[in-house]
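Below is one structure, written out as C-alpha coordinates; comments come after it.
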Amino acid sequence: MLGSKKKYIVNGNSGIKAQIQFADQKQEFNKRPTKIGRRSLSRSISQSSTDSYSSAASYTDSSDDETSPRDKQQKNSKGSSDFCVKNIKQAEFGRREIEIAEQEMPALMALRKRAQGEKPLAGAKIVGCTHITAQTAVLMETLGALGAQCRWAACNIYSTLNEVAAALAESGFPVFAWKGESEDDFWWCIDRCVNVEGWQPNMILDDGGDLTHWIYKKYPNMFKKIKGIVEESVTGVHRLYQLSKAGKLCVPAMNVNDSVTKQKFDNLYCCRESILDGLKRTTDMMFGGKQVVVCGYGEVGKGCCAALKAMGSIVYVTEIDPICALQACMDGFRLVKLNEVIRQVDIVITCTGNKNVVTREHLDRMKNSCIVCNIGHSNTEIDVASLRTPELTWERVRSQVDHVIWPDGKRIVLLAEGRLLNLSCSTVPTFVLSITATTQALALIELYNAPEGRYKQDVYLLPKKMDEYVASLHLPTFDAHLTELTDEQAKYLGLNKNGPFKPNYYRY
(Lines of atoms letter the chains of each structure in order from A and count residues from 1; the text may use other names and numbers.)
(Lines give C-alpha, C1' and ligand atoms only; values in the text may rest on other atoms or scores of the structure.)
Protein backbone atom coordinates (compact mmCIF):
# COMPACT_ATOMS: atom_id res chain seq x y z
CA MET A 1 0.00 0.00 0.00
CA LEU A 2 2.77 2.41 0.91
CA GLY A 3 5.41 1.11 -1.47
CA SER A 4 4.39 3.31 -4.36
CA LYS A 5 5.45 6.90 -4.50
CA LYS A 6 2.07 7.72 -5.95
CA LYS A 7 -0.15 8.50 -2.99
CA TYR A 8 -3.84 9.10 -2.49
CA ILE A 9 -5.45 12.07 -4.22
CA VAL A 10 -7.82 14.10 -2.08
CA ASN A 11 -10.82 15.80 -3.58
CA GLY A 12 -10.23 19.40 -2.67
CA ASN A 13 -13.86 20.34 -3.27
CA SER A 14 -15.28 17.93 -0.72
CA GLY A 15 -14.38 19.87 2.42
CA ILE A 16 -17.10 21.17 4.66
CA LYS A 17 -16.69 24.92 4.44
CA ALA A 18 -19.33 25.96 6.97
CA GLN A 19 -17.75 28.43 9.33
CA ILE A 20 -18.35 28.64 13.04
CA GLN A 21 -17.00 31.90 14.34
CA PHE A 22 -15.26 31.91 17.66
CA ALA A 23 -14.49 35.13 19.48
CA ASP A 24 -10.81 35.94 19.78
CA GLN A 25 -10.66 35.90 23.52
CA LYS A 26 -8.10 34.40 25.86
CA GLN A 27 -9.16 31.26 27.69
CA GLU A 28 -9.01 30.60 31.39
CA PHE A 29 -5.92 28.67 32.41
CA ASN A 30 -4.91 26.92 35.54
CA LYS A 31 -3.48 29.66 37.71
CA ARG A 32 -0.06 28.59 38.88
CA PRO A 33 2.78 30.84 40.00
CA THR A 34 5.62 31.16 37.55
CA LYS A 35 9.14 32.25 38.24
CA ILE A 36 9.45 36.02 38.58
CA GLY A 37 11.09 37.61 35.61
CA ARG A 38 9.88 35.13 33.03
CA ARG A 39 8.63 36.86 29.93
CA SER A 40 5.09 35.74 29.13
CA LEU A 41 4.97 34.20 25.67
CA SER A 42 1.20 34.26 25.51
CA ARG A 43 0.22 37.93 25.46
CA SER A 44 -0.31 38.15 21.71
CA ILE A 45 -2.01 34.79 21.42
CA SER A 46 -5.78 34.48 21.43
CA GLN A 47 -8.34 31.70 21.16
CA SER A 48 -6.28 29.09 23.00
CA SER A 49 -7.62 25.59 23.19
CA THR A 50 -5.68 24.48 26.26
CA ASP A 51 -8.64 22.52 27.53
CA SER A 52 -8.21 19.77 30.04
CA TYR A 53 -7.42 16.28 28.79
CA SER A 54 -5.38 14.62 31.49
CA SER A 55 -5.70 11.21 33.02
CA ALA A 56 -6.84 10.48 36.51
CA ALA A 57 -4.79 7.35 36.16
CA SER A 58 -1.54 9.22 35.82
CA TYR A 59 1.31 7.85 37.91
CA THR A 60 1.99 11.23 39.45
CA ASP A 61 -0.10 14.31 39.97
CA SER A 62 1.24 17.75 39.14
CA SER A 63 1.21 18.66 42.82
CA ASP A 64 3.69 15.94 43.76
CA ASP A 65 6.60 18.28 43.17
CA GLU A 66 6.01 22.02 43.10
CA THR A 67 9.38 22.75 41.50
CA SER A 68 8.69 23.76 37.94
CA PRO A 69 10.27 21.45 35.36
CA ARG A 70 11.63 24.60 33.73
CA ASP A 71 13.80 25.11 36.80
CA LYS A 72 15.22 21.57 36.78
CA GLN A 73 18.39 20.36 35.10
CA GLN A 74 17.62 16.89 33.74
CA LYS A 75 19.39 14.53 31.35
CA ASN A 76 18.41 11.16 29.97
CA SER A 77 20.70 8.12 30.06
CA LYS A 78 22.29 9.20 26.76
CA GLY A 79 23.25 12.58 28.21
CA SER A 80 20.70 14.61 26.25
CA SER A 81 18.91 17.50 27.94
CA ASP A 82 16.80 18.52 24.93
CA PHE A 83 13.49 17.99 26.73
CA CYS A 84 11.48 19.32 29.65
CA VAL A 85 9.33 16.87 31.59
CA LYS A 86 8.21 16.51 35.18
CA ASN A 87 10.64 13.79 36.22
CA ILE A 88 12.86 11.78 33.88
CA LYS A 89 13.11 9.07 36.56
CA GLN A 90 9.53 8.02 35.78
CA ALA A 91 10.63 6.74 32.35
CA GLU A 92 10.57 3.05 33.26
CA PHE A 93 6.97 3.20 34.42
CA GLY A 94 6.01 5.17 31.32
CA ARG A 95 7.66 2.59 29.08
CA ARG A 96 5.40 -0.09 30.53
CA GLU A 97 2.38 2.09 29.81
CA ILE A 98 3.47 2.48 26.19
CA GLU A 99 4.03 -1.27 25.79
CA ILE A 100 0.53 -1.95 27.10
CA ALA A 101 -0.94 0.58 24.65
CA GLU A 102 0.87 -1.09 21.75
CA GLN A 103 -1.15 -4.26 22.34
CA GLU A 104 -4.38 -2.36 21.64
CA MET A 105 -3.11 -0.40 18.63
CA PRO A 106 -2.78 -3.11 15.96
CA ALA A 107 -3.02 -0.86 12.91
CA LEU A 108 -0.20 1.44 14.00
CA MET A 109 2.00 -1.52 14.81
CA ALA A 110 1.17 -3.09 11.43
CA LEU A 111 1.95 0.19 9.69
CA ARG A 112 5.25 0.40 11.56
CA LYS A 113 6.17 -3.13 10.50
CA ARG A 114 5.12 -2.74 6.85
CA ALA A 115 6.61 0.67 6.15
CA GLN A 116 9.70 1.00 8.34
CA GLY A 117 11.90 -0.60 5.68
CA GLU A 118 10.77 1.91 3.09
CA LYS A 119 11.01 4.90 5.49
CA PRO A 120 8.26 6.98 3.82
CA LEU A 121 8.92 9.83 6.27
CA ALA A 122 12.71 9.93 5.83
CA GLY A 123 13.74 13.57 6.05
CA ALA A 124 10.47 14.65 7.65
CA LYS A 125 10.81 16.99 10.61
CA ILE A 126 7.49 16.88 12.39
CA VAL A 127 6.55 19.28 15.16
CA GLY A 128 3.53 18.07 17.09
CA CYS A 129 1.12 19.54 19.60
CA THR A 130 -1.31 16.87 20.81
CA HIS A 131 -2.38 15.10 23.98
CA ILE A 132 0.70 13.30 25.31
CA THR A 133 -0.57 9.92 26.42
CA ALA A 134 0.62 6.36 25.97
CA GLN A 135 -1.35 6.17 22.73
CA THR A 136 0.34 9.31 21.41
CA ALA A 137 3.70 7.80 22.33
CA VAL A 138 2.93 4.79 20.11
CA LEU A 139 2.15 7.20 17.27
CA MET A 140 5.34 9.20 17.84
CA GLU A 141 7.52 6.10 17.92
CA THR A 142 5.83 4.86 14.76
CA LEU A 143 6.60 8.15 13.02
CA GLY A 144 10.20 7.79 14.20
CA ALA A 145 10.37 4.23 12.85
CA LEU A 146 9.13 5.52 9.49
CA GLY A 147 12.06 7.95 9.32
CA ALA A 148 10.75 11.16 10.86
CA GLN A 149 12.38 13.43 13.42
CA CYS A 150 9.83 14.69 15.95
CA ARG A 151 9.54 17.43 18.56
CA TRP A 152 6.43 17.49 20.72
CA ALA A 153 4.40 19.63 23.11
CA ALA A 154 1.02 19.08 24.76
CA CYS A 155 -2.09 20.67 23.29
CA ASN A 156 -3.54 21.50 26.70
CA ILE A 157 -2.41 22.05 30.24
CA TYR A 158 -3.74 18.87 31.86
CA SER A 159 -3.37 16.27 29.12
CA THR A 160 0.13 14.99 29.73
CA LEU A 161 0.89 11.73 31.46
CA ASN A 162 4.16 12.62 33.15
CA GLU A 163 5.54 9.09 33.08
CA VAL A 164 4.87 8.75 29.35
CA ALA A 165 6.55 12.09 28.64
CA ALA A 166 9.54 10.86 30.65
CA ALA A 167 9.69 7.60 28.68
CA LEU A 168 9.66 9.51 25.40
CA ALA A 169 12.40 11.84 26.61
CA GLU A 170 14.48 8.84 27.72
CA SER A 171 14.07 7.37 24.22
CA GLY A 172 15.48 10.53 22.69
CA PHE A 173 12.33 12.42 21.71
CA PRO A 174 12.47 16.15 22.49
CA VAL A 175 9.27 16.43 24.54
CA PHE A 176 8.27 19.60 26.35
CA ALA A 177 5.21 18.92 28.48
CA TRP A 178 4.00 18.06 31.96
CA LYS A 179 0.68 17.77 33.70
CA GLY A 180 -0.58 21.03 35.22
CA GLU A 181 1.27 23.58 33.10
CA SER A 182 0.58 27.26 33.61
CA GLU A 183 -0.45 29.46 30.70
CA ASP A 184 3.09 30.74 30.35
CA ASP A 185 4.47 27.19 30.51
CA PHE A 186 2.09 26.09 27.77
CA TRP A 187 3.35 28.62 25.22
CA TRP A 188 6.96 28.21 26.38
CA CYS A 189 6.78 24.48 25.64
CA ILE A 190 5.40 25.10 22.16
CA ASP A 191 8.11 27.65 21.50
CA ARG A 192 10.84 25.23 22.62
CA CYS A 193 9.57 22.75 20.03
CA VAL A 194 9.56 25.29 17.21
CA ASN A 195 12.39 27.71 17.95
CA VAL A 196 15.42 25.41 17.70
CA GLU A 197 18.84 26.31 16.34
CA GLY A 198 19.76 24.11 13.39
CA TRP A 199 16.37 22.41 13.19
CA GLN A 200 13.31 23.62 11.33
CA PRO A 201 10.04 21.70 10.95
CA ASN A 202 8.64 20.78 7.56
CA MET A 203 5.42 19.14 8.81
CA ILE A 204 2.90 20.07 11.52
CA LEU A 205 0.65 17.69 13.46
CA ASP A 206 -1.78 19.77 15.49
CA ASP A 207 -4.74 19.23 17.78
CA GLY A 208 -6.66 22.43 18.42
CA GLY A 209 -4.65 24.75 16.18
CA ASP A 210 -2.48 26.38 18.84
CA LEU A 211 0.81 25.23 17.31
CA THR A 212 -0.21 26.42 13.85
CA HIS A 213 -1.42 29.71 15.33
CA TRP A 214 1.87 30.20 17.21
CA ILE A 215 3.99 29.67 14.11
CA TYR A 216 1.81 32.06 12.10
CA LYS A 217 2.17 34.71 14.80
CA LYS A 218 5.83 34.28 15.75
CA TYR A 219 7.64 32.50 12.91
CA PRO A 220 5.69 33.01 9.65
CA ASN A 221 8.82 32.49 7.53
CA MET A 222 8.91 28.85 8.64
CA PHE A 223 5.99 28.13 6.32
CA LYS A 224 8.34 28.49 3.37
CA LYS A 225 9.69 25.01 4.23
CA ILE A 226 6.56 23.45 5.74
CA LYS A 227 4.88 21.00 3.36
CA GLY A 228 1.61 20.64 5.19
CA ILE A 229 -0.51 20.61 8.32
CA VAL A 230 -2.49 17.69 9.72
CA GLU A 231 -5.23 18.80 12.14
CA GLU A 232 -7.27 16.47 14.34
CA SER A 233 -9.85 18.50 16.25
CA VAL A 234 -12.99 20.39 15.26
CA THR A 235 -11.61 23.53 16.91
CA GLY A 236 -8.39 23.44 14.91
CA VAL A 237 -10.19 22.59 11.67
CA HIS A 238 -12.48 25.59 12.03
CA ARG A 239 -9.44 27.81 12.52
CA LEU A 240 -7.88 26.37 9.35
CA TYR A 241 -11.04 26.99 7.35
CA GLN A 242 -11.11 30.55 8.64
CA LEU A 243 -7.51 31.04 7.49
CA SER A 244 -8.37 29.55 4.11
CA LYS A 245 -11.45 31.74 3.72
CA ALA A 246 -9.37 34.82 4.52
CA GLY A 247 -6.68 33.78 2.01
CA LYS A 248 -4.07 33.43 4.77
CA LEU A 249 -3.50 29.67 4.62
CA CYS A 250 -0.10 29.33 2.95
CA VAL A 251 0.33 25.51 2.97
CA PRO A 252 -1.96 22.53 2.32
CA ALA A 253 -3.80 21.18 5.35
CA MET A 254 -5.43 17.82 5.95
CA ASN A 255 -8.68 17.74 7.92
CA VAL A 256 -8.51 14.53 9.94
CA ASN A 257 -11.39 15.50 12.22
CA ASP A 258 -14.01 15.09 9.50
CA SER A 259 -12.65 11.81 8.20
CA VAL A 260 -15.03 8.87 8.54
CA THR A 261 -12.63 6.98 10.78
CA LYS A 262 -12.39 9.93 13.20
CA GLN A 263 -16.05 10.98 13.24
CA LYS A 264 -17.66 7.57 13.35
CA PHE A 265 -15.21 5.81 15.63
CA ASP A 266 -13.21 8.20 17.82
CA ASN A 267 -15.98 10.75 18.35
CA LEU A 268 -18.80 8.23 18.74
CA TYR A 269 -17.45 5.04 20.31
CA CYS A 270 -14.73 6.71 22.36
CA CYS A 271 -17.13 9.16 24.00
CA ARG A 272 -19.81 6.50 24.46
CA GLU A 273 -17.48 4.65 26.81
CA SER A 274 -15.40 7.42 28.34
CA ILE A 275 -18.28 9.69 29.39
CA LEU A 276 -19.45 7.12 31.93
CA ASP A 277 -15.90 6.39 33.07
CA GLY A 278 -15.17 10.07 33.69
CA LEU A 279 -18.40 10.72 35.57
CA LYS A 280 -18.09 7.57 37.69
CA ARG A 281 -14.52 8.22 38.75
CA THR A 282 -15.21 11.79 39.82
CA THR A 283 -18.71 11.63 41.30
CA ASP A 284 -19.48 7.97 42.14
CA MET A 285 -22.96 8.70 40.83
CA MET A 286 -25.55 6.08 39.94
CA PHE A 287 -27.03 6.99 36.56
CA GLY A 288 -30.31 5.08 36.76
CA GLY A 289 -33.22 7.54 36.96
CA LYS A 290 -30.99 10.63 36.83
CA GLN A 291 -32.05 13.47 34.53
CA VAL A 292 -29.30 14.52 32.13
CA VAL A 293 -29.21 17.19 29.44
CA VAL A 294 -26.67 16.77 26.64
CA CYS A 295 -25.99 19.95 24.66
CA GLY A 296 -25.24 18.95 21.07
CA TYR A 297 -26.19 15.83 19.12
CA GLY A 298 -23.23 15.39 16.82
CA GLU A 299 -21.19 12.20 16.95
CA VAL A 300 -19.88 13.01 20.45
CA GLY A 301 -23.38 13.83 21.70
CA LYS A 302 -24.80 10.67 20.15
CA GLY A 303 -22.22 8.57 21.98
CA CYS A 304 -22.92 10.27 25.31
CA CYS A 305 -26.69 9.97 24.97
CA ALA A 306 -26.55 6.30 24.02
CA ALA A 307 -24.36 5.46 27.01
CA LEU A 308 -26.50 7.36 29.51
CA LYS A 309 -29.75 5.97 28.12
CA ALA A 310 -28.38 2.43 28.44
CA MET A 311 -27.66 3.11 32.12
CA GLY A 312 -31.27 4.14 32.75
CA SER A 313 -30.86 7.92 32.72
CA ILE A 314 -33.60 10.24 31.48
CA VAL A 315 -31.81 12.12 28.70
CA TYR A 316 -32.71 15.47 27.15
CA VAL A 317 -30.95 16.97 24.14
CA THR A 318 -30.42 20.57 23.00
CA GLU A 319 -29.51 21.17 19.37
CA ILE A 320 -29.43 24.01 16.81
CA ASP A 321 -29.39 21.83 13.68
CA PRO A 322 -32.85 20.52 12.68
CA ILE A 323 -31.33 17.40 11.09
CA CYS A 324 -29.41 16.41 14.22
CA ALA A 325 -32.47 17.41 16.26
CA LEU A 326 -34.70 15.05 14.27
CA GLN A 327 -32.14 12.27 14.75
CA ALA A 328 -32.29 12.84 18.51
CA CYS A 329 -36.08 12.68 18.50
CA MET A 330 -36.17 9.46 16.46
CA ASP A 331 -33.52 7.94 18.74
CA GLY A 332 -35.95 8.44 21.62
CA PHE A 333 -34.61 11.60 23.25
CA ARG A 334 -36.68 14.66 24.10
CA LEU A 335 -35.49 17.81 22.35
CA VAL A 336 -35.61 20.87 24.61
CA LYS A 337 -34.17 24.31 25.11
CA LEU A 338 -31.71 24.41 27.98
CA ASN A 339 -33.80 26.94 29.90
CA GLU A 340 -36.72 24.50 29.96
CA VAL A 341 -34.93 21.83 31.99
CA ILE A 342 -32.05 23.62 33.70
CA ARG A 343 -33.79 23.69 37.11
CA GLN A 344 -34.51 19.96 37.20
CA VAL A 345 -31.56 18.12 35.64
CA ASP A 346 -28.91 16.35 37.69
CA ILE A 347 -26.14 16.51 35.06
CA VAL A 348 -25.34 19.01 32.30
CA ILE A 349 -22.96 17.86 29.55
CA THR A 350 -21.76 20.10 26.70
CA CYS A 351 -20.36 18.80 23.42
CA THR A 352 -20.99 21.46 20.78
CA GLY A 353 -17.60 23.04 20.02
CA ASN A 354 -19.24 26.44 20.52
CA LYS A 355 -18.87 29.06 23.26
CA ASN A 356 -21.06 30.09 26.21
CA VAL A 357 -23.47 27.19 25.74
CA VAL A 358 -23.93 27.19 29.52
CA THR A 359 -24.00 30.77 30.81
CA ARG A 360 -23.94 32.27 34.30
CA GLU A 361 -27.72 32.61 34.10
CA HIS A 362 -28.00 28.86 33.57
CA LEU A 363 -25.54 28.16 36.37
CA ASP A 364 -27.48 30.38 38.79
CA ARG A 365 -30.70 28.44 38.10
CA MET A 366 -29.27 24.93 38.49
CA LYS A 367 -30.42 22.71 41.34
CA ASN A 368 -28.18 22.01 44.30
CA SER A 369 -25.36 19.52 43.54
CA CYS A 370 -25.95 19.59 39.78
CA ILE A 371 -22.92 18.18 37.94
CA VAL A 372 -21.59 20.34 35.10
CA CYS A 373 -19.03 19.08 32.59
CA ASN A 374 -17.79 19.40 29.00
CA ILE A 375 -16.67 16.71 26.56
CA GLY A 376 -16.13 18.98 23.55
CA HIS A 377 -12.59 19.95 22.59
CA SER A 378 -12.62 23.61 23.57
CA ASN A 379 -12.94 24.96 27.12
CA THR A 380 -15.28 27.76 26.03
CA GLU A 381 -18.59 25.91 26.23
CA ILE A 382 -19.20 26.56 29.94
CA ASP A 383 -18.78 30.16 31.10
CA VAL A 384 -16.45 29.26 33.94
CA ALA A 385 -14.98 32.77 34.05
CA SER A 386 -18.32 34.12 35.29
CA LEU A 387 -18.01 31.90 38.36
CA ARG A 388 -14.75 33.50 39.48
CA THR A 389 -16.43 36.27 41.46
CA PRO A 390 -16.11 37.29 45.14
CA GLU A 391 -19.58 36.12 46.16
CA LEU A 392 -18.93 32.54 45.06
CA THR A 393 -16.67 30.12 46.94
CA TRP A 394 -14.58 27.49 45.17
CA GLU A 395 -13.82 24.29 47.06
CA ARG A 396 -11.51 21.66 45.55
CA VAL A 397 -12.83 18.33 46.81
CA ARG A 398 -10.62 16.00 44.75
CA SER A 399 -8.49 16.12 41.63
CA GLN A 400 -10.43 17.77 38.77
CA VAL A 401 -13.55 18.21 40.94
CA ASP A 402 -14.59 21.63 42.28
CA HIS A 403 -17.64 22.63 44.28
CA VAL A 404 -18.75 26.17 43.43
CA ILE A 405 -20.83 27.44 46.35
CA TRP A 406 -23.42 30.25 46.21
CA PRO A 407 -24.11 32.55 49.21
CA ASP A 408 -27.35 30.66 50.01
CA GLY A 409 -25.43 27.39 50.29
CA LYS A 410 -26.35 25.97 46.89
CA ARG A 411 -23.45 24.33 45.12
CA ILE A 412 -22.70 22.89 41.71
CA VAL A 413 -20.10 20.22 40.96
CA LEU A 414 -17.78 21.45 38.20
CA LEU A 415 -15.58 18.83 36.57
CA ALA A 416 -12.15 19.64 35.09
CA GLU A 417 -12.86 23.38 35.30
CA GLY A 418 -15.07 23.05 32.24
CA ARG A 419 -12.37 21.46 30.14
CA LEU A 420 -12.44 18.14 28.32
CA LEU A 421 -13.88 15.54 30.69
CA ASN A 422 -12.88 12.09 29.54
CA LEU A 423 -9.09 12.09 29.98
CA SER A 424 -9.19 14.86 32.56
CA CYS A 425 -11.03 12.52 34.84
CA SER A 426 -10.53 9.06 33.37
CA THR A 427 -9.09 7.47 30.23
CA VAL A 428 -10.28 6.64 26.73
CA PRO A 429 -10.25 3.29 24.88
CA THR A 430 -6.83 2.71 23.34
CA PHE A 431 -8.22 0.69 20.43
CA VAL A 432 -10.34 3.63 19.25
CA LEU A 433 -7.38 5.98 19.48
CA SER A 434 -5.45 3.55 17.29
CA ILE A 435 -7.90 4.32 14.49
CA THR A 436 -7.36 8.08 14.79
CA ALA A 437 -3.58 7.80 15.21
CA THR A 438 -3.28 5.59 12.13
CA THR A 439 -5.28 8.14 10.15
CA GLN A 440 -2.93 10.89 11.33
CA ALA A 441 0.14 8.89 10.34
CA LEU A 442 -1.21 8.17 6.85
CA ALA A 443 -2.18 11.83 6.38
CA LEU A 444 1.38 12.89 7.27
CA ILE A 445 2.81 10.34 4.82
CA GLU A 446 0.45 11.54 2.10
CA LEU A 447 1.19 15.25 2.46
CA TYR A 448 4.93 14.74 2.87
CA ASN A 449 5.29 12.56 -0.24
CA ALA A 450 2.79 14.36 -2.46
CA PRO A 451 4.35 15.79 -5.64
CA GLU A 452 4.48 19.56 -5.85
CA GLY A 453 1.22 20.96 -7.11
CA ARG A 454 -1.05 18.09 -6.06
CA TYR A 455 -2.29 20.06 -3.08
CA LYS A 456 -3.00 23.76 -3.15
CA GLN A 457 -3.10 26.13 -0.20
CA ASP A 458 -6.41 24.81 1.06
CA VAL A 459 -8.00 22.38 3.53
CA TYR A 460 -8.54 18.83 2.25
CA LEU A 461 -10.52 15.86 3.47
CA LEU A 462 -8.96 12.42 3.60
CA PRO A 463 -9.77 10.26 0.57
CA LYS A 464 -12.26 7.46 1.04
CA LYS A 465 -9.60 4.92 0.07
CA MET A 466 -7.44 5.95 3.01
CA ASP A 467 -10.36 5.69 5.44
CA GLU A 468 -11.10 2.21 4.15
CA TYR A 469 -7.46 1.19 4.53
CA VAL A 470 -7.40 2.35 8.15
CA ALA A 471 -10.55 0.38 8.88
CA SER A 472 -9.19 -2.73 7.16
CA LEU A 473 -6.08 -2.70 9.35
CA HIS A 474 -8.27 -3.01 12.45
CA LEU A 475 -10.58 -5.80 11.25
CA PRO A 476 -8.20 -8.71 12.01
CA THR A 477 -8.55 -7.91 15.72
CA PHE A 478 -12.15 -9.13 15.50
CA ASP A 479 -11.34 -12.11 13.27
CA ALA A 480 -13.56 -10.37 10.72
CA HIS A 481 -13.85 -11.57 7.13
CA LEU A 482 -14.83 -9.13 4.38
CA THR A 483 -17.02 -10.26 1.52
CA GLU A 484 -15.40 -9.69 -1.88
CA LEU A 485 -17.29 -8.46 -4.93
CA THR A 486 -17.38 -10.64 -8.01
CA ASP A 487 -16.37 -9.08 -11.31
CA GLU A 488 -20.02 -9.03 -12.32
CA GLN A 489 -21.10 -7.33 -9.10
CA ALA A 490 -18.33 -4.74 -9.30
CA LYS A 491 -19.29 -3.93 -12.88
CA TYR A 492 -22.97 -3.66 -11.93
CA LEU A 493 -22.18 -1.17 -9.15
CA GLY A 494 -19.53 0.64 -11.16
CA LEU A 495 -16.87 0.03 -8.52
CA ASN A 496 -13.29 -1.11 -8.39
CA LYS A 497 -13.18 -4.46 -6.61
CA ASN A 498 -10.55 -3.03 -4.25
CA GLY A 499 -12.49 0.14 -3.44
CA PRO A 500 -13.30 2.79 -2.65
CA PHE A 501 -16.74 1.36 -2.06
CA LYS A 502 -18.65 4.55 -1.29
CA PRO A 503 -18.72 8.00 -2.96
CA ASN A 504 -17.44 11.01 -1.05
CA TYR A 505 -20.97 12.24 -0.40
CA TYR A 506 -22.02 9.00 1.31
CA ARG A 507 -23.08 9.44 4.93
CA TYR A 508 -22.18 6.44 7.07
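Heads up, the Cβ atoms here are built off N, Cα and C, so glycines get one too.
So that you can see what the record holds, here are the features copied from Swiss-Prot:
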- Ser4: phosphoserine (MOD_RES)
- 24-81: region 'Disordered' (REGION)
- 32-41: compositional bias 'Basic residues' (COMPBIAS)
- 42-61: compositional bias 'Low complexity' (COMPBIAS)
- Ser46: phosphoserine (MOD_RES)
- Ser49: phosphoserine (MOD_RES)
- Ser52: phosphoserine (MOD_RES)
- Ser55: phosphoserine (MOD_RES)
- Thr133, Asp207, Glu232, Lys262, Asp266: substrate binding site (BINDING)
- 233-235, Asn267, 298-303, Glu319, Asn354, 375-377, Asn422: NAD(+) binding site (BINDING)
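In terms of C-alpha distance, the listed binding-site residues Thr133, Asp207, Asp266 place Asp266 closest to Val300 (NAD(+) binding site).
The binding-site residues Lys262, Lys302 differ in how many other CB atoms lie within 10 Å of their CB, and the one with the most is Lys262. Cβ neighbour density within 10 Å is lowest for Gly298 among the binding-site residues Glu232, Gly298, Val300, Ile375.
Taking the binding-site residues Asp207, Asp266, Glu319 in turn, the residue surrounded by the fewest other Cβ atoms inside 10 Å of its Cβ turns out to be Glu319. Glu232 (substrate binding site) sits 16 Å from Gly298 (NAD(+) binding site), taking the CA atoms of both as reference points. In this view, the densest Cβ surroundings among the binding-site residues Thr133, Ser233 belong to Thr133, judged by other Cβ atoms lying within 10 Å. Annotation: Ser233, Thr235 are the binding-site residues among Ser233, Thr235, Lys302, Glu319 whose CA atoms are within 10 angstroms of the CA of Asp207 (substrate binding site).
A distance of 21 Å separates the Cα atom of Lys262 (substrate binding site) from that of Glu319 (NAD(+) binding site).
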